[in-house]
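Record features, source TrEMBL:
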TRANSMEM  B:35-53  transmembrane segment
TRANSMEM  B:60-76  transmembrane segment
TRANSMEM  B:111-130  transmembrane segment
TRANSMEM  B:150-169  transmembrane segment
TRANSMEM  B:181-200  transmembrane segment
TRANSMEM  B:220-241  transmembrane segment
TRANSMEM  B:338-357  transmembrane segment
TRANSMEM  B:363-383  transmembrane segment
TRANSMEM  B:390-407  transmembrane segment
TRANSMEM  B:413-433  transmembrane segment
TRANSMEM  B:493-513  transmembrane segment
TRANSMEM  B:534-558  transmembrane segment
Amino acid sequence: MNTKSYFFQSFAIVALALVAFIGFKQILPDKIFSESKLDSKNILIDSLLLESVAEDSLALDEDSVAKSERLLNKQKIVYDETGGIEYPAETFENYKGYQYLIHFYERLYQLEKNPQNKVRIAYYGDSMTDGDLIVQDVRMKYQERFGGNGVGFVSITSESAASRGSVKAQYSKNWKTQSYLNVKKPISPFGVNGHVFFANNGGNTTWIQFEAGLNKFSTSLDNPTLYYGRSSRTGNVNFIIGKDTIKKTLSPNSLVNTLKVSSGSLKSFKANFIHADSIPIYGFNFDNGSGVHVDNFSQRGNSGLPISMFNADVMQAFNNSLKYDLVILHYGTNVLNYGTKNYSWYEKGMTKTVNKIKESFPGVSILIVSTADKSTKYDMEMKTDSAVVPLMKAQKHYALETQSGFVNLYTLMGGDGSMIKWVDESPAKANKDYTHFNQRGAKAIGNLLYEQLSKGYDEYKILREKRDAGVSKRKAVRKAKADSVSVTNDSL
Amino acid sequence: MTTIESINNWFIENFGAITMEQVESWFVYNPDEKLLFNTGLFLGLFLVFYFVYGFLRKTFYLRLTYVILFSLFFYYKSSGIYFLLLLLSSVVDYGLSQIIYKESRDGVKKLYLVISVILNLALLGYFKYMNFLIVTFNDMFNGNFALHNVFLPVGISFYTFQSMSYIIEIYREEIKPTKNYIEYLFFVSFFPQLVAGPIVRAKDFLPQIYQKLNLTKQDVNNALFLIIGGLIKKTVISNYISVNFVDRVFDTPLSYTSFENLMASYGYAIQIYCDFSGYSDMAIGIALLLGFKLPENFRTPYKSTSITDFWRRWHISLSTWLKDFLYISIGGNRSGSFAGYLFPSLFFFGLLLWGISNYTTSIIPLIVAVSSILIFCLSFLLSSKRKQTLVTNFNLFTTMLLGGLWHGAGAQFIVWGALHGLALAVHKIFMEFFPSQKDKKTNFLWRFFSILITFHFVVFCWIFFRARDFETALQVINTIGQLTFEPELWKTIVLGYKNVFGLMLFGYVWHFLPESFTNGMKSVFDKTPLLIKAIILGFVYWIVYATAVAGSQPFIYFQF
C-alpha cells in the first residue's frame, strides 16, 4: 500500500484547517457566549444603583476626568487641627485621612485607659463581607487588643446565614423580609442593618434560633437583646433557653425598643414570636458590655447608595442604645460592571450616603474602604478590570470631600493584577470569580485593614502625648484645598 | 514589492507583528502557559514537526530521535528543567530492566525489581505526596515539620507508571526489552501520552515501534474524529462550565442555593469526563496521526449499568494497570497478603477514630464509620465463598484506596477511592444474590434504573473528589439535602446561567446518544472529501478560539 499520500494528506487537512480557521475568524463574530444582559427583576442588585446608572446621561468625558485627576494628584492635603491634634499633610495619591478618625481614636484611647468603656463599629458592606468574612477578622483583632466579647448586632434572616461561622442562626421560613436594597417604602422603617422583618405567622410559629460560633471572643451569646420597632399593637415572644421557656410581651411604644433575653452569656436560645406580625423586628445584639464590638451589616448586591434612604430619627434611636464610634463603608464590587469608567454619579450618590450617616450618628468617624482588585478577561488574558482604578479614585475623592478616612484596598492587596495572584496562589486566597475572597483571603484583608487603622491609632497616641506635653506648636491652619477642584467637577 | 508588503500587512493584521520576544516565548518554558494540545502554539509547532515527520517516515533511528527530541522539548515547555528528571529516571529504569532481563537467579531478579519499584515510587512519593505526609504527620502528632517547596512535574504519575509497567512486564517475562536506550526513551517520552495518559503498556506499544510505519486513510479519519471531539469536550464544554459555574460553587458552596449546588455536582461530573476523556482523545488522535495506536481510555462511562461496569469504561488504561500490577501483585482474588489487609484495616481504623473523636459534637460520623465497616464485612460474610470473597474484597479495596490516592495527595481522594471500593464490594454480593441472566435481554426499566443509580452514585463520589477538603464536600452534600421543589426559582437560575446549562445539556445529550448514532456521524464524516474535513476542523478551531476569548460570566446573586 502506498503510505506516502496519507501522511501528506493528513498534513494537508491539518494545514488547510488552519487556513479555514483564519477565514472563519474574518467572517464570524469575535466570540460566542456573549455576556447577555440579565433580567434584573430576579437578580439581587439595588434599585437606587440601577436608577443612578440610568440617569448618568450627563457624564463627563474621560479627558476632563483625567484633567481633574492630574490637578488632584498635585494637591497637598493639609489638615485643620481637631482638639489640638493635627496629622501631617499627605498627598491625594496616598490619602488615608487619619485626621477624620480622631473621634474614633480618642474613644479607643479612653478604652485603653479604662477597660470598662465601650467602642462600637458599624461595618456596612456588600457580598465581600457576606458570612462575616473580613469583618470577623477585624473584630477579632480589635477584641484581642482592646477586649470585648460578642459578635455584635445580627439580623434575623440573611442570604448568607448558612455560611456564617461566627454565629449560627436558623429561622423559620415564614419571616417577611424587607431590604433597603429593593424596597423604597417599607411597611415600617428599616433598622440599622438596612432590613426590617415581620413575624408573619399564618398559624405556624415564626421563630429564630441562635447558637454561638467557634471564633475567638465569640464563643458565647453575651447579653442577647432583641431590637424591635414601633407598632400600634403589642405581641408576644417566648424565649426558649435549654428546657426553660420565658414568656415576654413586646411593647412597641418607641421608635426602637429593646428586650433583654437574658443577662449573662448563653450557648444557644430560640425565640418564638406569637401574634407579633405587625411589629417590625430588627435583630439581636450580642455584646458583653465593654471593649470593642463590630456589627456586620452586609448585603449582597449593595452599592452603598441605599443607606441614603435611612430614616435619621430611627437611626438616632438605634445610636442612643448602641453608640457608634466608627462607621465603615465597604462597597464597590457591584458598581464595576456597568461599562462606565466615569463614577461622578457614584460619588454624588455616596456623598448623600455619608451625609445621611453623619445625620444619623452625630459625631461618628467614617471610613471608606475602596473596591478590591477584580479581574476580567480581555481577549484571552485575565487582567485587572479597567473600571477598578477609576472607581477606586472616585471613592478616594468622595472620602476626602466628605472628610472620611480611606483605606485603599486595591493598592493594599498589591495593585494591578493582584487578584489574579490571589486566585492562582496555592493555597488560593480568592475565588474563581476573580472578585470574592475566600476565608483565607478575607483574613488577610481583615488584617491589612486593621493594620492601617492601627497605624493611624499609634500615630494618634504620639500626637496626643505631644499635645499634652505642650510641645506641639500652633501652626498656621489651612484647610484642604480640594474644594476648588470639586467646583470644576460640578460645573462640567 | 507591493504584493509582499500587502501579504505582510495582512499577516500583521491577522496574527499581530511577530517580535523576537514572542518567538523566544514559543521555545522557553513558562509555568503559566503550559503547552497543551488545545493551544494555538501547539498547533503551530505540531504542523512544522509533522511536515518533517512525513519525510522521515521511512527512516528508523532518525525518526525515533526526532520524535524524542520533540517530546523532550514538549516536556520542557510543560515542566521546565524537570525534563532532566524524566531523562534521569529513564536511564535508571532502563539500566535496571537490562539487569533484570539478563539475570537468571530468581532471588536477584526480584531484588532488582523491588529496588526499581521503590525508586519509582519514591520519586513519585517525593514530588507528589511529601507535603501531604508532612501535613498529616503534623496534624496527628502536633508535629512542626516545615513543608517542602516541591514542584509537581507534569505527568510524573503517568510516566512512572509507564516505566514500572515496562520493568514488571520484563520481570514477568511478558515482553523482551528494547534493543537499546533510544527505543526505550521513545516509548517513555512519546509526547502524545506523556503528560495525561493514556498509560500505554510496554507490551502494546513496543511492537508498534518495530512495525513499518503505516498510516491508512481510515486511521486519519479516526484520528481527526477523535481530535475534533476531544477539542470540543475539553476546551468548549469542560473549560467553560468550570470557570463560569462549577469552580465558583465549589469555592463557597454555602453562598449558593441547593439547586445551584446540585447543578454544580452534575456539572462537575460532565466537566471531569469532558476534560479527561477529551484530552485522552486528542492524545490518541495525535498518536494515530503519527502512526501509533494507543488504547482506548474512556467508553461513555456514565452509560454504565453498575459500578463494576463503570470501572471498565472510566480511565481504562489506569484501571487495567492497577488491576495487572497492583491488584494481582497483592494476591488478586486468590490469596491475601500483608499489604492487602494493611491499607483497608488502616483506613477503617482511622474512620472509627474519626467517628469516636467527633462523638461529642455529633453521632453521625460514628454511625457512618460503623455502618461502612459493617457493610464491608457483610459483603464477604454473606457470600457463599466466604474465604475467597474476603481476600478479593480486601485486595480490591486496597486497589481502590491507592488508586484514589494516585489522583492526588489528599484525604478526599482516599475517601473517593474508599467509596468506590465499598460500592464494588456491595455490587459483587448483590450479583451473587441476583445473578443476571446472560442470554436474556435485560428489561428496559431495569437497565434505566441501573444506569440512573450508578450515575448518581458516581456523581456523589465526584463531590468528594472535587471539593477542596472534606468539610467543603459535606457542605455541598448538606446544601443539596435541603433542596425543595421550587420550579420558579430553578427557572430563574437556569436562565441566569443559560450558556453554562446549555453546554451541560449538550455534553450529557452527546454522552448518552446511542452508539449507532455516533457511528453514523462517524461514517458520514469518513465519506466527506478532504477539503470539507479541513473546513470542519477549521471551524472547530474557531469554536475553540471563540470560547477561549469569551469573557467570563459575571457573578450573579439571585434574589429569592
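In case you wondered, yes, glycine gets a Cβ from its N, Cα and C as well.
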Other parts of the chain folded back onto the transmembrane segment (B:363-383), taken as Cβ under 8 Å at six or more residues beyond its ends: 344, 348, 351-352, 354-356, 389-390, 392-393, 397, 418, 422, 425-426, 428-429, 432-433
The transmembrane segment (B:60-76) and the transmembrane segment (B:181-200) contact flag, 3+ Cβ pairs under 8 angstroms: yes
Cβ-Cβ under 8 Å with the transmembrane segment (B:338-357): same-chain residues at least 6 beyond its ends: 330-331, 365-370, 372-373, 376, 391, 394-395, 397-398, 401-402, 414, 418, 421
Distant-in-sequence neighbours of the transmembrane segment (B:111-130), which means Cβ under 8 A and at least six residues beyond its ends: 85, 89, 92-93, 96-97, 99-100, 103, 148, 150-153, 156-157, 160, 163-164, 167-168, 171, 405, 409
Other parts of the chain folded back onto the transmembrane segment (B:150-169), taken as Cβ under 8 Å at six or more residues beyond its ends: 34, 75, 78-79, 82, 85-86, 89-90, 93, 96-97, 100, 113, 116-117, 120-121, 123-124, 126-128, 130-131, 175, 184, 187-189, 193-197, 199-203, 318, 321, 324-325, 406
Other parts of the chain folded back onto the transmembrane segment (B:413-433), taken as Cβ under 8 Å at six or more residues beyond its ends: 306-308, 311, 344, 347, 372, 375-376, 378-380, 382-384, 389, 392-393, 396-397, 399-405, 407, 457, 460-462, 464-465, 470, 473
